[in-house]
Amino acid sequence: MENCKTDCIERPLALAFAKLGCFVGRHPCVFLLLTMCVAVFFGAGFKFLKERESNDIEDQFTPVNGPAKLERAIVVENFPQSEEFSQLQLASEGTYASLIITGLHGKSILTEAAFNEIIELDRQVKSLETGNTFENLCAKTKGRCMSNAILDMLNYNATKVDSLTLTYPMNNGTFLGTSIGGVELKPDGSKISSAKAVRLFYFLDEEKINENSDWLNGFLKLLSNYTEQKMVHVSYFTSVSRQKELETNSDSVIPLFSLTYFLAITISVLSCLRLDCVRTKVWVATFGVLSAGVGVDDMFIMISCWQKTEVNKDVEVRLAETYKEAGVSITITTLTDVLAFYIGLLTPFRSVQSFCMYTSTALLFCYVFNITFFGACLALNGRREKGNRHWLTCMKVPEATGDDNVCCVGGAYDKDTHKEFDMPMESFFKNYYGPFLTRVWVKALVCLIYAGYLAVSIYGCFQMQEGLNLKHLAADGSYVGDYYDNEDEFFSDFGPNVMLVIKNEHFQYWNPTARKSLDLCLEHFQNLTMVDPDIPPISWLHIYTQFGLKARFDVDNEAQFKSHLTAFLNHSGFSQDVNFTNNHIHASRMFVQTVNIRTAIDEKNMLNAFRETAEKCGKLQTPVDLIVFHPAFIYFDQYAVIISNTIQNIFVATCAMLVISLLLIPNPLCSIWVTFSIASVIVGVAGFMALWDVSLDSVSMINLVICIGFSVDFSAHISYAFVSSEKSSANEKATDAISKLGYPIVQGAVSTIAGVVVLAAAKSYIFRTFFKIMFLVILFGAVHGIIFIPVFLTFLGTCCKSQEKKKQNLTEHSDMIACTQLVSQNKCPDSIN
């Protein structure tokens, strides 16, 4: 009954494709012109490509509605940027340039000679003019440009460095953790003995957007031409560097795409090449690659099916048989591919959404062009073959008498079967590989190899690292990478200084019980492993209560608390940390310093711990309703969704593909094997990519979506060929399926890998990741298609009753005879029953 239900869809669809093939074979020129007109019409859309570009890193590579973006909106609403600049209180990264200066050969940077060069470099940066000076553009505090604490302590005099005594990380109330790195302390445990790096920041006024851009470009030009000094090494960075490098990355890989197309066409042509000057498929392969654009395995399937038809039949009939044999198979793979990419739209990353939208649409057009444009090319090539014309000159040549042709004769075919001679690789799969694979001991060995593959893959999955390292958005050897490397090496002891924002406007700061609850909340944060217990939170409320004791007013009294608050905030520097308007505190914030945030795992754990602690504070006896925020959390949010979203996409796509397979493959058990193959390939790719140093991030997530789609292709083709085979035993069916599709699968795999292998030489992590995952997807997909799945299918038995199959074959044979008769009468069938 289940087979009958499936046949009700699969068989009429196959016969509909036969009708379409007959029609395309009858009017190839119409389809060629029509598809080319469609291509030109839609190709005009390239005119709008520039204005549709979206390269913003935050927009593309962070979750669309990530919690940190909502938290930032709360911060911006309650604490608008003041004219008095404070790096600590920024709701964004800010607009800035930065230098990390290290001592050569690992020597201490705290020497007079080194600081002479540092101070000179600082002078050059500040004197840089690009239509505006740094003095005009800088972010100011109390009317003066924001300066660097370490240079202020020396009063810009390098001779004072030897006599300077610094405590670390706090020096007279100034935090030096982000300014001095690679620190070694004296035996007393607090004073600096030596340091290997100094970091300088040059913040600009964010409102002067155009002027800032010019100055930052000038800064990059100055530092790119800056020669190595005698005592120090300089790495540099700006707030726009990541964006610029990402855009440069895309441009740098464009030349590789021309090589990709050349390799794809060359390998496709070579794999379809015959010595027979009539039967060779040079032009068909060339136009097949141009038609497809994305993947050429469907082209190879259609060519293979064409070569299995009888050469003395009319072109229309041969194309009808080709479409009938290949149409359902390529429809299954196209539907599953497109569906996988459309499901990818559910992800919260715009980069993934854009990729999935473009790719799914491209695959739909590739499918349509395959059954129209490429079918028309196949028909025209068939007419050339039927006229026994040379593939290059189109001149008639003498008919060959055997398979050992020379360039001046051609058109040879097997006189017994009336079909083209098998290509050497097709003969190998039919006569040697298929029978070898179906031997009992070989099957046992394949199962053993598969168990090993699965074990290594699962192990790799547990080694998976999460998160996108922002330096990977820059090219190898970029100044951005050098800066990030130095930052990781010398400035990873201290992490973000995290805001704790009390957003409850009804919180009673003057109430001792409420303050005690807030103190308990802060204590919870201080007890976290990633918070430095020796650095107390920066709390305006603690200082205000101390101020109240000294000024002798009652901070427990609401009226007195509020009456003195404005004056305190203005004189203490906390005016940006309390939203106090209309005699009401709408929100306030405090800061907690984190430590030892060195890896993506540390970032994930810190984010989760802070948010869990904030939730815990909201459940105290006197609830403290607060949020935690730092600009870096915008990027850390990826950790909260990357794994769950990837699993969701894989699960939904796999279920959807199971439904499609059940509908179109005429055996439920074989459909389940196809679904199993999808899951198996995905597990393999995920595990091996982890072992190949590829992290799970928004970039690799794009490629895993590709994996979901492409992993089904080869297995679906083999499974459909298996259940459609007229052979009686399972082993014979497997051999028949491999003999028909083994070589096309190898052709598709080799041509696709050749198309992406050039990206292995790219200097960009994004494109190298694409190569790695595509290589694994195609490799594992092909191995499943020609090794694992054929063996596993033989365990199912015959998959369908031979009597039913024989009856169906007789019906379909009569359909094709009817088609042949109608073609001879100069018309295509209106219907095929």
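From the backbone N, Cα and C atoms, a Cβ is placed for every residue, glycine too.
Nobody curates TrEMBL annotations by hand; they come from automatic prediction.
Record features, source TrEMBL:
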TRANSMEM  30-49  transmembrane segment
TRANSMEM  252-270  transmembrane segment
TRANSMEM  282-306  transmembrane segment
DOMAIN    284-380  domain 'SSD'
TRANSMEM  326-345  transmembrane segment
TRANSMEM  357-380  transmembrane segment
TRANSMEM  440-460  transmembrane segment
TRANSMEM  647-665  transmembrane segment
TRANSMEM  672-692  transmembrane segment
TRANSMEM  698-723  transmembrane segment
TRANSMEM  744-767  transmembrane segment
TRANSMEM  773-797  transmembrane segment
Reduced to three DSSP states, the domain 'SSD' (284-380) has 83 helix, 1 strand, 13 coil
Contact count check, CB pairs under 8 angstroms to the transmembrane segment (672-692), set 252-270, 440-460, 647-665, 744-767, 773-797; argmax is 773-797
Averaging pLDDT over all residues of the domain 'SSD' (284-380) gives 88
Maximum Cβ pairs under 8 Å to the transmembrane segment (698-723) among 252-270, 440-460, 744-767, 773-797 is reached by 773-797
Lying 6 or more residues past either end of the transmembrane segment (773-797) yet within Cβ distance under 8 Å of it, the residues of that chain are 437-438, 442-443, 446-447, 450, 667, 669-670, 673-674, 676-677, 680-681, 684-685, 688-689, 692, 694, 700, 703-704, 706-707, 710-711, 713-715, 717-719, 722, 730-731, 733-734, 737-738, 741-742, 745-746, 748-749, 752-753, 756-757
Same-chain residues at least 6 beyond the ends of the transmembrane segment (744-767) with a Cβ under 8 Å from one of its Cβ atoms are 249, 252-253, 256, 259-261, 263-264, 267-268, 271-272, 289, 295-297, 300-301, 303-304, 425, 472-473, 475-477, 699, 713-714, 717-718, 774-775, 778-779, 781-782, 785-786
